[in-house]
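**Student:** This is the structure I have questions about; it appears just below.
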Amino acid sequence: MKRHIIVCARNFILHRTFLAHLTGKPQFDKKWMTCVTTTRRRASDTPAKGNCVFQIGPTSKLYTILLIRGNPSPSSRRERSPLQMASILDSLRQEAECSLCHKTPSEPKILKCFHTFCNECLTEKSAEFKGDGETFSCPSCKTRIDLPQRSDFGSLECSGFHSRILEVLSLASASDDNQAAKCPCKRGNPAVAHCFECARHLCDVCSEAHDSFTDGHRTANLKELTSEDYKLFLNRETPCEKASHMEEFVKFYCNTCGECACQLCILEEHQGLHDIINIELRAQMQRNVLQSLLQKLKVKEAEQLKNMRYLEEMSCTMKTSAEDTKIKVRQAAERLIEFIEQSNRELVCQLDREVSMVGTKRDEQESLLHQTRSASEYIARLVDYGSAYLIMSNNKTVQTRCEELITSDTGFAQVEHRKKFVPSDAVSVLRELGLGSLRETKPSDPTRSSVTTEGCSDTMSTVKLTVHTKTVDGDPNTDPDDVIEITVEPKDDVMEIKTTDKIGDKYQAIFTPKVPGKYKTEVKINGRHISNSPMEICIKPQRMRYTREMKTKGSRDPLEKPWGIAVNRSNTKLAVTDCHFHYIVIFNMTGKVLMSIGSQGRGEGQLGNPHGVAFLNDDVIVTADEYNHRIQLFDTNTGRCLKSFGHQGNGDGEFKNPLGVDVDDNGRIIISDYLNNRVQVFTSEGEYLFQFDLEVHGEVMYPVHTRYHDNAFYVSDFRNHVIHVFDEQDDVVTRRAVIGREGNKEGEFSYPRGIAFDSVGNLIVCDRNNHRLLKFTREGRLIGHTTQYLGLPIYATVLRDGKILVTDDEKKRVLFVEQS
């Protein structure tokens with residue numbers, strides 16, 4: 001009879017006890033075992049790697065055994081440093097430690113929440129866990145745990161994993177002191193070695209016999225255990241739990257029964273159609289399942305951690321909000337108490353006044369009573385005993401006094417009543433409604449709320465921020481009680497931020513960036529950043545472009561070579577110098593020619609290459625007569641020359657090719673004395689005041705135009721390709737800064753000419769050979785430029801509506817430039 005049995009042996013070595021049991025012999029004879037065939041997993045496998053079939057037993061009782069290849073023993077032992085071993089043991093001790101008593105438990109109990117405690121702690125501190133005998137709360141996570149047996153913590157499942165760790169720690173203890181472990185033999189000698197195959201400690205005698213009896217078993221000296229040995233001991237095979245199978249290890253898993261099994265379990269209980277698999281293979285499958293669950297748990301843990309952090313933040317926010325609300329409630333109560341006490345004081349004072357008034361009346365009545373009695377007694381005595389002379393001599397006085405007493409009014413009608421307190425209706429309402437109520441609000445969820453931007457992303461253009469508030473559920477939140485904080489950095493580069501009240505589920509705010517660059521915008525709702533805060537807003541330089549040419553009205557174009565240009569304060573007249581015709585043309589704002597002033601020559605009222613021009617007032621202009629080296633003032637209504645001052649030279653009040661002209665708010669005339677390399681300042685009457693240059697700095701400047709703004713002179717230096725900034729303080733002029741340098745990049749110049757200031761104080765520069773206008777802050781930070789070719793811009797002036805008029809020397813025209 002043949003019986004087919006599936007077994008597994010490490011390194012193809014069968015246990016003799018099993019073979020003896022199989023053949024019914026007290027000892028097994030190796031000559032009975034014959035290898036019949038070898039099956040291979042793959043064609044490339046060697047027989048040693050495949051599965052082998054053996055026939056075992058005498059001829060009368062033959063068995064066929066399929067040996068499934070098990071996990072091979074490690075072929076080499078890698079030595080670890082003491083530090084590595086200590087790290088592993090410390091990790092295991094920490095894993096096994098009871099979190100209540102912080103000791104290594106002798107009987108670790110694992111709960112359904114996977115927290116582990118020693119049985120002693122659970123039993124001793126059961127009253128603290130709010131248990132009812134059938135359930136109790138986990139000391140760590142407060143999960144309700146059912147007890148298998150009432151009030152018996154010993155009935156809880158022991159943690160096999162932690163029990164194995166305890167065995168490893170016991171082995172480590174034995175390696176430190178060989179007296180701590182004994183050999184299980186009858187002699188009971190101290191253990192000196194451990195066999196990982198037999199899972200037993202061995203004394204000297206047993207170790208020698210064991211080595212001669214076994215083949216391939218891995219043993220280790222207890223004094224020489226490595227971290228690899230500890231890992232191997234932790235992952236060693238487990239003996240079968242059945243008493244009759246104690247010599248066998250669990251090496252199989254029955255998928256049909258869902259049970260772990262040893263070789264004898266397979267033989268006795270899992271034959272037939274049972275689906276048997278090597279437990280290592282099945283465990284690897286389960287590891288993959290657990291690994292998948294682990295990943296899901298990690299995702300869940302991250303989600304819960306996020307929720308926990310949110311709740312912690314909400315807890316802090318709620319505490320802060322609650323404290324603020326308590327203060328408001330207390331303040332309301334204090335105000336009400338103060339009002340009630342004040343009302344109480346007033347009513348009490350009123351009652352006291354009434355009582356005092358009655359007392360005063362009583363005193364008055366008592367006084368009258370005494371007077372009346374005294375008068376009665378006196379009159380009675382006078383009538384009874386007085387002589388005729390006495391009666392008549394005081395008759396008038398006595399009679400008058402008696403009549404006064406008789407006609408006196410005691411005022412009893414005014415005090416014949418009592419005061420009754422009538423509570424105010426407000427008291428009844430307050431008693432009914434209380435001090436106030438706590439209204440449920442719907443604070444917006446910052447993690448779901450967001451901010452969007454609208455508007456132009458150019459400098460000096462309005463940027464609108466719209467905050468969309470959402471509830472925790474993601475719905476629009478119309479509750480108006482949110483606290484919104486909006487900040488834009490850098491603060492100094494932003495004009496005032498204006499925020500509107502909440503409309504629906506939106507808050508809006510606007511701000512104007514003063515310079516190009518990156519602005520960090522933070523939006524907080526109730527103290528927390530919203531989903532896309534902080535955000536970065538990129539602001540580009542302001543773009544300017546010319547929109548049209550100025551069209552003159554008349555029989556012919558009066559301008560052949562337009563150069564200097566200026567507009568009066570009321571924006572009713574425009575003056576343009578023409579270097580070809582050597583005159584100045586006065587226009588109204590529609591381009592109609594009002595008159596032309598001057599002609600070529602050297603006489604008074606005549607001009608030689610008139611350059612810069614400025615309005616002294618609405619009707620008088622000042623111009624630089626370059627070739628005649630002087631300054632002339634003209635009336636734009638009559639064309640008459642009002643004044644002329646200066647001549648060629650380098651003294652005070654003398655000029656050499658004056659070019660730019662400006663008039664400041666105080667009426668001072670500022671002249672750019674080009675070839676004298678200086679700027680001169682005069683009164684409105686042409687009287688010399690002072691001059692300044694760069695001699696103190698060891699430099700030479702070539703000023704073509706100077707403008708005065710906000711207590712500073714801005715000088716366009718034609719040949720040095722810069723703008724100088726001079727501060728004026730207490731009649732002293734000092735250079736503060738230099739704007740730009742030579743080049744064609746942003747913020748660089750190539751022969752700069754005229755300059756102007758717009759309505760908000762930004763500096764506009766005609767960058768002649770770069771064919772553009774540049775706009776700067778007063779501190780010299782570039783904020784804009786033109787985007788079109790402007791020819792050769794010479795001078796510029798700014799109209800009241802913000803438009804810029806520019807003279808173009810290349811195409812002999814006047815251009816309107818606007819912000820695009």
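Keep in mind that glycine also has a Cβ here, set from the backbone N, Cα and C atoms.
These numbers come from a predicted model, not from an experiment.
Quick paste from TrEMBL:
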DOMAIN    98-142  domain 'RING-type'
DOMAIN    178-222  domain 'B box-type'
DOMAIN    235-279  domain 'B box-type'
REGION    438-457  region 'Disordered'
REPEAT    441-539  repeat 'Filamin'
COMPBIAS  446-457  compositional bias 'Polar residues'
REPEAT    594-637  repeat 'NHL'
REPEAT    642-685  repeat 'NHL'
REPEAT    736-779  repeat 'NHL'
**Student:** Could you name the stretch, out of 594-637, 642-685, 736-779, with the greatest number of CB pairs under 8 A to the repeat 'Filamin' (441-539)?
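**Tutor:** Of the candidates 594-637, 642-685, 736-779, 736-779 scores highest.
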**Student:** By DSSP, what is the split of the repeat 'NHL' (594-637) into helix, strand and coil residues?
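**Tutor:** Across the repeat 'NHL' (594-637), DSSP assigns the residues as follows: 0 helix, 24 strand, 20 coil.
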**Student:** Over the repeat 'NHL' (594-637), what is the model's average pLDDT?
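**Tutor:** That region's mean pLDDT is 95.
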**Student:** Please list, for the domain 'B box-type' (178-222), how many residues fall into helix, strand and coil according to DSSP.
**Tutor:** 14 helix, 11 strand, 20 coil
